[in-house]
């Protein structure tokens, strides 16, 4: 265990200790957890006040006292468990759930050891060399981590008990991971949405205490390299979009409903903060935070995912949903149990694909500058792009003797090579006809037979008003940007767009169907968006993009 580079990178952020080939809890922690596991009659922990006292003792045994919790944290735990919980709920919590969580935490070292033993062989028996072990997924380093749902539950138990060290988390641009601020803000400025956020978390712990799920969740950092390289897709330039001949994909408009309730198997967009999870463990309660509350396994990403750069996105597959809810922001309410019936894939992940992409915050008129249009387009493209499958394609091309693929002579941006060719399954590759004696098409067909990740050829994008609302983006422009990115990625054949009743998008279906009927390409629409944005910057128009584009259609 000591020699593992993945473990070394994350060890200082874990509460356990490593010695030679073993992970373990300090002996005082073991004794304290054993007492909790025997129930309130033995541990004496039967209230929120006493639970926080036990948490403080555990933290002291782990030498975490040098970073004390906020002064209001004990009052927040007492408020929730002693006043807001009913007596029946509290009896169940302290009599059954807390002992189960203590037993789970006692097993954390062995769960981690089992995880690292299996990590190198999880995908294709290790033949692909894909590393999946728990580690810091540093910025600009594409990679993937697979965690069992059982291990995630133990890690979230550590969050509830505030056992994660916080030294150097800020220096590594890592978000909050302990739950102390959830309870602190409950006490400092009580409101019902904060109480109901905690109720979602408590419901999750109740569920896993009585029936532990046995699947996996994957967490992937996706990166578009800033530098060009052989057989690679790098950060696209404006000419990439301007010259694209890819047709626009199908566009479905939903004026009601929610992204998380879609049933088409689409990739679901998380309107993310650059720090994954946003304010979920503080006061936040909008789209991203709500998703993390009803699918709490998403919170595990906050342990090891530093903030996203402009050329990065985070994709999470398999996070199970546990809670129902109503409302939004201040009206958010937990409304009971949710049984997630989605199928699992070949890697035992539920077919829930969530992509976190962070939009520009409060961009104002700057959002119409081409540089920032390009930033947003590339951010969405990075998220929608199927990087795991592409990496395996790239390896297979190298193994098959492909030294490189050259673009058509009339393609100005070398990025077009892969976006228009590999992502379209080699449909228009011209200057490299063979790879080690095989045709390019044969290499791609052979690769489809051995790729372990599920075929996603019919997986679209379920999204909505990304970067609008609190982030202040132009909803018409952001809609078009997402459409362009999804269309350019040939493996994403449609967009399901949820408008959430936004008035600015009331003509969205009419506009998109008109555009599709005229068979425009990605390049056509991008160039019009750039032209419109330039006129906005110059003050030559104050119309929205849809009105500017189609005045006679919308206002005959």
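Every residue gets a Cβ built from N, Cα and C, even glycine.
Copied from TrEMBL, the annotated features are:
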type	residues	note
ACT_SITE	270	active site
ACT_SITE	288	active site
ACT_SITE	289	active site
BINDING	273, 287, 328	substrate binding site
DOMAIN	85-221	domain 'PARG helical'
DOMAIN	240-507	domain 'PARG catalytic Macro'
Worksheet, complete the sentence: Given the active-site residues 270, 289, the candidate whose Cβ has the fewest other Cβ atoms within 10 Å is 289
Discussion item. Rank aside, I only need the closest one: which of the recorded positions 270, 273, 328 has its C-alpha nearest to that of residue 288 (active site)?
Written reply: 270
Fill in: Neighbour count (Cβ, 10 Å) for residue 273 (substrate binding site)
22
Worksheet entry | Residue distribution over DSSP helix, strand and coil in the domain 'PARG helical' (85-221) | 75 helix, 12 strand, 50 coil
Worksheet, complete the sentence: Same-chain residues at least 6 positions away from residue 287 (substrate binding site) with a Cβ under 8 Å from its Cβ, in sequence order, are 270, 271, 464, 469
Fill in: Rounded to the nearest Å - Cα separation of residue 328 (substrate binding site) and residue 289 (active site)
10
Practice prompt. Taking the Cβ of residue 288 (active site) as the centre, count every other Cβ atom within 10 Å, in any protein chain shown.
Written response: 23
Fill in: Average model confidence [pLDDT] within the domain 'PARG catalytic Macro' (240-507)
82
Worksheet item: Can you tell me how far the Cα of residue 273 (substrate binding site) sits from the Cα of residue 289 (active site), in Å?
Response: 10
Worksheet entry | Site extent for substrate (largest Cα pair distance over 273, 287, 328, Å) | 17
